[in-house]
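Colleague: Sharing the feature lines straight out of TrEMBL:
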- B:ARG82, B:PRO83, B:LYS84, B:SER85, B:GLY86, B:LEU87, B:GLY88, B:SER89, B:SER90, B:GLY91, B:ALA92: ATP binding site (BINDING)
- B:63-140: domain 'GHMP kinase N-terminal' (DOMAIN)
- B:198-266: domain 'GHMP kinase C-terminal' (DOMAIN)
Number of protein chains: 2
Amino acid sequence: MKVSAPATIANFGPGFDVFGLCLDEPRDVIKVKESDEVMVEVEGFNVPEDPEKNVASISALALLKMLKAEMGFRMKIIKGIRPKSGLGSSGASALGGALALAKLLGVENRELIIKAALEGEKAASGSAHGDNIVPSLFGGFTILKSLSPLEVFKLDVSFKLVIVLPKVEVSTKRARAVLPRYVPLSDAVRNLALASALISALKEGDIEKAGKLLDDYLAIPYRKPLIPWFDNVRRAALESGAYGVSLSGSGPAMFALGEDLGDIGKAMVEAFENEGIGAEYFITKVGGGAKCSDV
Amino acid sequence: MKVSAPATIANFGPGFDVFGLCLDEPRDVIKVKESDEVMVEVEGFNVPEDPEKNVASISALALLKMLKAEMGFRMKIIKGIRPKSGLGSSGASALGGALALAKLLGVENRELIIKAALEGEKAASGSAHGDNIVPSLFGGFTILKSLSPLEVFKLDVSFKLVIVLPKVEVSTKRARAVLPRYVPLSDAVRNLALASALISALKEGDIEKAGKLLDDYLAIPYRKPLIPWFDNVRRAALESGAYGVSLSGSGPAMFALGEDLGDIGKAMVEAFENEGIGAEYFITKVGGGAKCSDV
């Protein structure tokens, strides 16, 4: 069984812990077959091969435990998503591991698969959040209302976007630790208005309008000390014609919507370099979610 | 000039201070003609006839001041929306007053009309909120992102709903005073998810799904002491088959979505009566916004 689980953008502007966008690229590919033992082999970006420490195998083992299935597996991970990039690297691996085992066992229950993947996500980032796992599974744009029971609203959207990936890391644990427990009611209202308007714009396929609604008052302001370059890179994107720009998840990756995505990407890379941070950009499009095939 | 300004439902479940729904009925009708003096005459529900205290004429005078127009007017108000009902009574009068004068003067600028109407709303409720004025002007379902500059996202929706109006009053000032300045981030996220999913459901015309998304964690929980009957009336609505039910604005009116709206209305009226509160229900539909005509 082979599963290809795509990278994702969590939060997507105003949708902290709720919105997720599935990307077409990059992807983690996870091949798995039944075995007497439990073994993990990794190609591509460096992640642990210890089955107790690898996010994909932790999720796979969690699924087996939930199903009370006693079996081993050999897992090969082609890790195409850079860890700690803000592109849902652990979420994709977690989903891929759980989904591969589920397919091997003929299990279709999405809620169960996500529940298992959350175990891997929790091990990687310290908290069991589904805002990368869910879009990586469903594809398109997702509104995560509830994990248990699983309530997801999916929007079929289609557009290209530019992703800029700097050579720095932002710890998801730390990015979560800096958030306050209470926020001003006025900020809650502002994000609610932005998020609602964004859904309306996306439903209408108006990407320019959607791009202008990517502000956030719930998470990014508190995370600024961890991403001191954010405002300058954002400004560079807007000045080069981006409709809008924001952080992908808790960063460091950023994304922008616009017309001339290459120009925008170059301007953002340059802005990172002005901060003394190497960066690269790539253009991708909204993806259709994890794909499974018999090897 | 004759303006008919409809009642509205502010908040509409999770959209505190952001969402508004325009109703087809009831309406305030405001007739106005140029005059040397400033005179207000009221029919229907009882509101002040003193031009300095009447919401519609305060808004009309505010518009004249903004336009530096020196003129008087005779205004006749047929007040069809019960004051302090939670159905945007002051918002409709405020909009009607400003809009009637604007039409008389050939002014089309919506932002200016709303700005003038906010003066009337402020006099009535103590704060200049636009979540009744905006849907009464635009019609349909509105997402109010910003008043200045005016940024409104309008959804063309079409459905019937039942409104239950109890014989109690809730002071908008007090309903606002009980709100906290800070709310849990987790509640902000829950409302954001509900509100976003609601927009998605409304865009799809799925009223059953929309009805199931009318919960609120930002305002109603804090307002419970002012609406001690809320939970019982809500339960009665759901038990009689409502898809969902919530408070209209800060109440006391409530509304419900569902199939058998008459049955739901009766059950809600009965629940109010069990609390010792008289109530009536009526069924209406989404309205198209304020209408203007030459008298």
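For all residues, glycine too, the Cβ spot is worked out from N, Cα and C.
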Colleague: For the binding-site residues B:GLY86, B:GLY88, which Cβ has the most other Cβ atoms within 10 Å, all shown protein chains included?
Modeller: B:GLY88
Colleague: What three-state secondary structure does DSSP assign to B:GLY88 (ATP binding site)?
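Modeller: DSSP call for B:GLY88 (ATP binding site): coil, neither helix nor strand.
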Colleague: Excluding B:ARG82, B:PRO83, B:LYS84, B:SER85, B:GLY86, B:LEU87, B:GLY88, B:SER89, B:SER90, B:GLY91, B:ALA92, please set out which residues of the same chain place their CB within 8 Å of the center of the CB atoms of the ATP site, keeping sequence order.
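Modeller: Counting only non-site residues, the set is B:ALA7, B:ILE81, B:ASN132, B:GLY249.
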Colleague: Taking 10 A as the limit, how many CB atoms besides its own sit near the CB of B:ALA92 (ATP binding site)?
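Modeller: If we count other Cβ atoms within 10 Å of B:ALA92 (ATP binding site), we arrive at 35.
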Colleague: Calculate the per-residue pLDDT averaged over the domain 'GHMP kinase N-terminal' (B:63-140) and state the result as an integer.
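Modeller: For the domain 'GHMP kinase N-terminal' (B:63-140), the model's average pLDDT rounds to 94.
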Colleague: Below 8 Å Cβ to Cβ and six or more residues apart, same chain only. Which residues does that give for B:SER90 (ATP binding site)?
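Modeller: Long-range Cβ contacts: B:VAL55, B:PRO83, B:GLY120, B:GLU121, B:ALA124, B:SER125, B:ASN132, B:THR172.
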Colleague: When DSSP states are folded down to helix, strand and coil, where does B:ARG82 (ATP binding site) land?
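Modeller: Coil, per DSSP.
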Colleague: Taking the Cβ of B:LYS84 (ATP binding site) as reference, which residues of that chain separated by at least 6 in sequence fall under 8 Å from it?
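Modeller: Spatial neighbours, sequence-distant, of B:LYS84 (ATP binding site): B:GLU169, B:VAL170, B:SER171, B:THR172.
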Colleague: Within 10 Å of the Cβ of B:ARG82 (ATP binding site), how many other Cβ atoms can be counted across all chains shown?
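Modeller: Around the Cβ of B:ARG82 (ATP binding site), 18 other Cβ atoms lie within 10 Å.
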Colleague: Let's see if you can do this one: DSSP helix, strand and coil counts over the domain 'GHMP kinase N-terminal' (B:63-140), in that order.
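Modeller: Within the domain 'GHMP kinase N-terminal' (B:63-140) the tally stands at 43 helix, 8 strand, 27 coil.
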